[in-house]
Amino acid sequence: MDLGTKRVAWIIAQVALLLSISYGTTGEEVCDSPLVSSLPPSSFRSSSQLSTSHAPGFAKLNRRDGAGGWSPLISDRYQWLEVDLGERTKITAVATQGRYGSSDWLTSYLLMFSDTGHNWRQYRQEDSIGSFPGNSNADSVVHYKLQQPAIARFIRLIPLDWNPNGRIGLRLETYGCPYTSDVVSFDGGSSGLLYWLTSGLKRTSRDVVTLKFKALRNSGTLLQAEGQEGLSLGLELERGKLLLLLRQGRTSSTEPQRLVSLGSLLDDQHWHHVAVERRGSHLNLTVDKHTERVQIPADFSHWTIEQLSLGAVQSEVSQKPVTSKKNFNGCLENLLYNGHNLIELAKNKKQQVTISGNVTFSCAEPVSVAVTFTGPESFLQLPGTTVSSSGGVSIGFQFRTWNKAGLLVTFELPQQGGVAWLYLSEARLRLQIHKSGRPLLELSAGVALNDGQWHSVELNSRRGRLTITVDKEERDSSQASLSFPVTIESHLFFGGCPVDDGSQKCRNPFNVFQGCMRLFTVDNQNMDLIKVQEKQLGNYSNLQIDMCGIIDRCSPSPCEHGGPCSQSWTVFHCNCSDSGYSGATCHSSVYEQSCEAYKHKGNTSGHFYIDVDGSGPIKPQLVYCNMTEENTWMVIQHNNTELTRLRPSPGVNQYSIHFDYSSEEEQLLAVIKQSEHCEQELSYHCKKSRLLNTPEGSPLSWWFGGPGTGRVQTYWGGAQPGSQQCACGLQGDCVDLQHYCNCDADRMEWTEDSGLLTHKDSLPVRSLVLGDIQRPGSEAVYRVGPLQCHGDRNFWNAAFFDKETSYLHFPTFHGELSADISFLFKTMASSGVFLENLGIKDFIRIELSSSTQVVFSFDVGNGPLEVRVESSFPLNDNRWHRVRAERNVKEASLRLDELPVATQEAPADGHFHLQLNSQLFIGGTASRQKGFRGCIRSLQLNGVTLDLEERAKITPGVQPGCPGHCSSYGSLCQNHGLCMERANGFHCDCSLSAYTGVFCQTEVSASFKSGTSVSYTFKEPYELSRNSSALPSSIYSDMTLRGENVSLSFRTNQSPALLLYVSSYYREYLAVLINKHDKLEVRYKLDSSRDAEVLRSKVRSLTNGQLHTVSIRRLTDSVSVQIDQNAREDFNLTSDGEFNAIKSLVLGRVHESDDLDADLSRLASLGFTGCLSVVHFNTISPLKEALLRPDSSPVIITGPLAQSNCGSAASANPYSAENTHHLSGVIAVVIFVIVTALAITARFLYRRKDTYRNKEVKGVKQEDSQDFPFNNQADSQNLSTENPKEYFI
């Protein structure tokens, strides 16, 4: 061997030695020794055996002794194989094998553990799945490592399924290592331990207490830690739940504060692990696998534990245990305090330990055999005893269940046709006795008996009286006198009746019972259920004997976001009605994530609940969405958005003002992060009050902004962060160019520094500190506006996939217990995969399977499960469609657009946790097949948006963004509004519409008086030669009309009245009026040499003060008129059909009436009194131009013109006051006063000011001084032309 080879061999040897030292010397790292192979045959038991050569002792892995394994006499689900390991052992794995050389093997089985050979506990994977996969042949070994090691002495394996061409056959092995523990037992009386913590045991930087307990009673104090000043923490079992209690004070009357409750059904006589860890003022409580983190009062941050008491409540006076129902009855194991074994100290009788009462260092527990009724075919038949001398009956048992209804016990009476039923109904105990089909007796007792706790029931019939009692309480008992004897004819049936009971000895008109029962007695004789299991007594079906299989499906609660959880024996239910979330587990938010999203659902300005992170932990918040501008603004108020005045005050050198926002901290930060732009107005009006003391001085004032309490900011609105400037300093136009703020000029005249703060990292403004208002003559006024943000970076985040082979990949999606996925897509392809993530066996996928179908599929270990939604219209129409998929422990759901939700229940034998490990593929699959071609937008997984655009920038075949939104949202633009594309979204252009608003949906109306006139000039004439006596037709050729499209709405009581007049340079005109008969007339004069043609409508009563809509259309000589919903009326003109050289359009009073006929001139001079709305003449909206753009439009307004909502169909008639009774006026005034008072009250409650200066800052109203030059600016939502609305979606 050469030198190099020797060196390599030496290195390998050293590595092997290190590995053996690291992993082979401690029992904690390696715990996989075989436990069964060396056991004697006496350690094996079974329900039965086919023969002596098929005995359970031959069921050892890879052995061929006997018949090569165990087989029972009969192959059914009532068989079992049991192994006694001799002592409590840590079990980490199990392996199974079929019977050697046969066709006998198991395909699935249940695994049970026990410390005593009774009260078995089923091992469940992920707290849900009970069955284990078995074998596929007789020889191969299937090895399963337990997710959580089990500590037990006895193992029992129950076959569920086996080879259909053979019988049950089994060889097995379990793996693990020895388990050592120190145990102490308390009798529930005065037994207890008291530890005085010496310096060696006192806390270090943290306090940690760990233990295991087994409770024989559902209530009692496990542990109490007491320290100085009467502060104590306690662990107390109450109705099977573990409570962490805090006490402040040494008197027993002090009511403890409940910090947290954890666990459930902890009185099941099985071991439960508890850990309490305290770090300063935070504390973690762990029960089994579930942990809760709580905050305790600051008093505990330096608290030192002086004594620990266990088992019994200590007397405050004598420091001795007292007998109490609060004392713990059960066992504790491996009690450690900061690593010190306290039970070992007690065993060794150390001085710091005081033992009182009957304390033993072993865990003896009574044998109580329970039975579980699992389903509709479960029943237990027990024999009735012989008739006693008293001629009565006595039946007793205990039960626990989650169901409100179910049969407990029934039996036949000796009399003809007599029967008794004891059952649950609405969680109360009820007794019915019938004879010959007629009810003879009904009794009820107890309440809320479906709480999962053990309840005792006693039925006694003696000496003519029948009594039923619940929990041995007199108040929960009911009795009645009998005129007939109640005895058992033959048998008692508990829980249900046999399915094939041909003798009809058992009848059950009620629900079957699902739950547990134990401690059966009949005429004071105990019933042995082990004999029942061995077929030596009674009969049964579909029972689990010697175990209680109750599960608390609400602990921990699967319901998210605070939704209350309720349950039956088989399912749980989450009440999401008040949570703001929906779904089986209250996981998905019912609200949109931004104002932008609400706008794209067709909503207008108003208050909305916003859930910025969807299904995430941040709560919904109520905000105002201002949709009156091109951008959609989210407005978040604080407690003082008004202009507030400050004056010098004696002894006050500095004012500090704090702002409280209507949204919580995490909501604010999420909104700012999600928005494209945020801003907040910051203004300071000053008179001899300097601001930033620029350029070289230290700031006299500053503000705090950003997360938490904010960071110091020394710039002002309109300037850049860190500049120590105001807006005028940035623009170079301050009143004193030697300073960077107007106020720093320190003048006696009022001036101001105002502007917008737009740096998102500095928002929102948390507080102001103003420091130069103490000098004589100094005054200041400040205002911090609401936080306003627009744009949703998440909503428009999109990517375009132009090839089937293109995709984006992201890290693995973690949605183990609950997962929601939402996105929008548009495509012209008929199929493609939107999203896919794979695991070893598990996967999750959403795809467009056809042009009308979306499929959500996944696998949680038991084969693929699919949820489908079918659309009646094609989905490849290049329009946006929304997909929302959710999967939780109860069901999977899929929603497409606004179609009904499709759901699929979660499989009972699948595991809870979705186990994925590959990358998440978007727009394609790992195989690069069936990829998606089109756009995906706003992709969110569990409320977190994936940044598709950033990933698309560096990915070939994928483009960031996706233009073309009008095809999907263009229909939101109403009343001839045009949809205009934007990079992120769309905008409705209302310039060609008579309406306004974000969707061109708001009517433009005005109230006219008799002197009001609105004149719109179409086109000024070309300048003509002074000598020209004729007007060439070519001058007006482009203003000659061969048709008009006129529409308007009006409301009036005036008759006659001129509604609209259009004039011409050739003395031609069009007039729309109401004649003296309250009918509509349309007058056309299209030939100046002829009289006007009058077109009269037949519709009557147009001056009734109601809103009427008129539509007039002319094409050459054909005219149609339609009023409201009446039939269209058609007319023909005799003129040539050309309206030449139109000049102007007038609404209301016509001042230039020289060209009019005499009667029309008289009518035009009267003007119009009433309401005109949405006036449209071809492409011109004259009323809209006059009201919204009077300075930039060719309109002339004379007389009073007031914009109003009088054109709304729901608006009352404001022009018939003279015909209204005075009572109506009084009612209107009263309503107005009430509404005003409510509005003022709401404003007062909301705008609670929290402005203070050292102690308090008093705002000065503007009435306090006549030289106060500033008006409070209205909040942005009050500037809206739309009516604010509040939506609760």
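Each Cβ is built from the backbone N, Cα and C atoms, and glycine gets one as well.
Residues or ranges marked as compositional bias 'Polar residues' in TrEMBL: 1268-1282.
The annotation disulfide bond is assigned in TrEMBL to C935-C962.
The residues of the domain 'F5/8 type C' (31-177), classed with DSSP into helix (H, G, I), strand (E, B) and coil, number 9 helix, 69 strand, 69 coil. Marked as domain 'F5/8 type C' by TrEMBL: 31-177.
Taken from TrEMBL, the feature domain 'Laminin G' covers 183-363 (among others).
Sequence annotations record features per position, and here TrEMBL assigns domain 'Laminin G' to 369-548 (among others).
Helix first, then strand, then coil: DSSP counts for the domain 'EGF-like' (550-587) stand at 0 helix, 8 strand, 30 coil. The domain 'EGF-like' annotation in TrEMBL covers 550-587 (among others).
Mean model confidence of the domain 'Fibrinogen C-terminal' (586-638) amounts to 92 (pLDDT, 0 to 100 scale). Annotation comment: TrEMBL describes 586-638 as domain 'Fibrinogen C-terminal'.
What TrEMBL lists as domain 'Laminin G' is 797-962 (among others).
Long-range contacts of the domain 'EGF-like' (963-1001) within the same chain: residues 596, 599-600, 602, 604-605, 627-628, 630, 632, 676, 791, 795-796, 826, 878-880, 1047, 1174-1176, 1179, 1181, 1183-1184, 1188, 1281-1282, each at least 6 residues beyond the stretch ends and with a Cβ under 8 Å from a Cβ of the stretch. The domain 'EGF-like' feature in TrEMBL is assigned to 963-1001 (among others).
The domain 'Laminin G' annotation in TrEMBL covers 1019-1206 (among others).
The annotation region 'Disordered' is assigned in TrEMBL to 1257-1289.
If you look up TrEMBL, you'll see 1-27 marked as signal peptide.
Under the heading transmembrane segment, TrEMBL lists 1223-1246.
Sequence-distant contacts of the domain 'EGF-like' (550-587) (same chain, six or more residues past either end, CB-CB distance under 8 Å): 241, 262-265, 268, 290, 372, 400-404, 452, 514-516, 609, 611, 615, 619-620, 817-818, 820, 886, 888-891, 893.
Sequence-distant neighbours of C935 (disulfide bond): residues of the same chain at least 6 apart with a C-beta under 8 Å from its C-beta are A798, A799, F800, F801, F825, K826, T827, C962. Broken down with DSSP, the domain 'EGF-like' (963-1001) shows 7 helix, 12 strand, 20 coil.
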